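Trainee: What follows is a structure written as structure tokens; I'll ask about it next.
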Amino acid sequence: MKIGVFVPIGNNGWLISTHAPQYMPTFELNKAIVQKAEHYHFDFALSMIKLRGFGGKTEFWDHNLESFTLMAGLAAVTSRIQIYATAATLTLPPAIVARMAATIDSISGGRFGVNLVTGWQKPEYEQMGIWPGDDYFSRRYDYLTEYVQVLRDLWGSGKSDFKGDFFTMDDCRVSPQPSVPMKVICAGQSDAGMAFSARYADFNFCFGKGVNTPTAFAPTAARMKQAAEQTGRDVGSYVLFMVIADETDDAARAKWEHYKAGADEEALSWLTEQSQKDTRSGTDTNVRQMADPTSAVNINMGTLVGSYASVARMLDEVASVPGAEGVLLTFDDFLSGIENFGERIQPLMQCRAHLPALTQEVA
């Protein structure tokens with residue numbers, strides 16, 4: 001099973017709590033995180049894109065770096081780990097993304113890929129005057145389908161004459177092309193999102209579910225597997241989890257309860273309000289899971305809370321789910337969390353037993 005880190009491009013990572021570590025996103029922090037992840041044989045690093053935060057006492061995600069420029073910098077200071085940036089496709093023409101991706105492919109030596117998102121948070125785009133209207137909620141995957149076709153043209157032949165409802169290319173050129181086939185990833189959980197991933201993505205992200213229920217996402221992975229079978233492609237699921245680990249189950253649980261007790265209710269209220277704006281995409285979208293009150297303090301990603309041995313066991317359970325090819329991990333404290341994962345959790349995981357021994361220390 002592949003292991004990735006979801007780098008904290010926004011302030012405070014993924015805990016919406018006054019009791020959680022409070023920090024600003026910086027290049028130096030993310031460099032330290034990704035270099036440490038590479039040292040511990042993580043397979044990939046991904047950054048999201050967020051253009052407006054949730055506010056509240058913690059000013060959650062009000063402070064964000066930009067994904068492509070951050071990952072270009074990280075590509076230059078790593079050597080093995082795969083690097084993925086996220087394109088907010090309403091903000092960037094596909095021909096520009098194609099060229100930026102080809103550039104980072106050159107920087108990284110063929111280790112770069114692109115995560116495509118349609119955009120769900122209306123205020124991110126309204127503030128710039130580029131929100132296309134609420135009809136976009138029901139047409140966003142039509143838009144993304146045209147977008148990725150332009151990308152594939154330009155990365156493949158270096159030329160596109162694509163004509164569609166949203167994009168018109170007229171002998172559009174990009175050169176040089178990427179040195180290896182460019183991977184495209186997506187995070188669709190709605191039927192439309194999975195249908196898109198089945199046709200165009202190399203793999204699809206989905207949310208884990210619940211606290212210490214590592215296989216609860218299995219129906220989502222099964223839906224993705226079924227959608228991919230209909231297109232004759234192999235599109236695996238990569239599952240998002242937060243790891244909160246300590247020496248004992250009780251110590252880890254105490255940290256989790258402490259974070260929940262400090263939940264930033266103002267920021268969470270804003271998230272809930274935004275989740276209700278899209279009335280056209282159905283009930284199975286990512287944002288509706290994020291806003292579910294069950295575990296909103298970490299946007300309802302699956303949460304693994306326990307001793308190092310307990311977390312290792314639960315991750316092996318994740319690996320046993322058909323269609324699950326990897327996990328994307330966040331941590332309550334990224335630097336110590338990755339070190340503890342590499343030193344204390346990963347060596348206990350049967351699904352990572354193939355890894356070579358560590359040979360050097362990392363700062």
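Numbering starts at 1 and runs along the chain as displayed.
A Cβ is built for glycine as well, from the same backbone N, Cα and C atoms used for every other residue.
Pasting the feature list from Swiss-Prot:
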- Ile49, Lys50, Asn115, Glu124, Arg140, Tyr141, Ser190: FMN binding site (BINDING)
Trainee: Mind giving me a neighbour count for Glu124 (FMN binding site)? Other Cβ atoms within 10 Å of its Cβ, every protein chain shown.
Mentor: 20
Trainee: Within 10 angstroms of the C-beta of Arg140 (FMN binding site), what count of other C-beta atoms is obtained when all protein chains are considered?
Mentor: 24
Trainee: Among all protein chains shown, how many Cβ atoms are found within 10 Å of the Cβ of Ile49 (FMN binding site), not counting that one?
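Mentor: Summing over all protein chains shown, Ile49 (FMN binding site) has 23 other Cβ atoms within 10 Å.
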Trainee: Where does Ser190 (FMN binding site) sit in the DSSP three-state scheme?
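Mentor: Going by the DSSP assignment, Ser190 (FMN binding site) belongs to neither helix nor strand, so it counts as coil.
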Trainee: Can you tell me how many other Cβ atoms are located within 10 Å of the Cβ belonging to Asn115 (FMN binding site)?
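Mentor: Looking across every protein chain shown, the total is 20.
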Trainee: On the three-state reduction of DSSP, what should I expect for Glu124 (FMN binding site)?
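Mentor: It is helical.
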Trainee: For a quick check of understanding: given the listed FMN-binding residues Ile49, Lys50, Asn115, Glu124, Arg140, Tyr141, Ser190, what is the maximum Cα-Cα distance in angstrom, as an integer?
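Mentor: Of all Cα pairs among the recorded FMN binders, the widest measures 21 Å.
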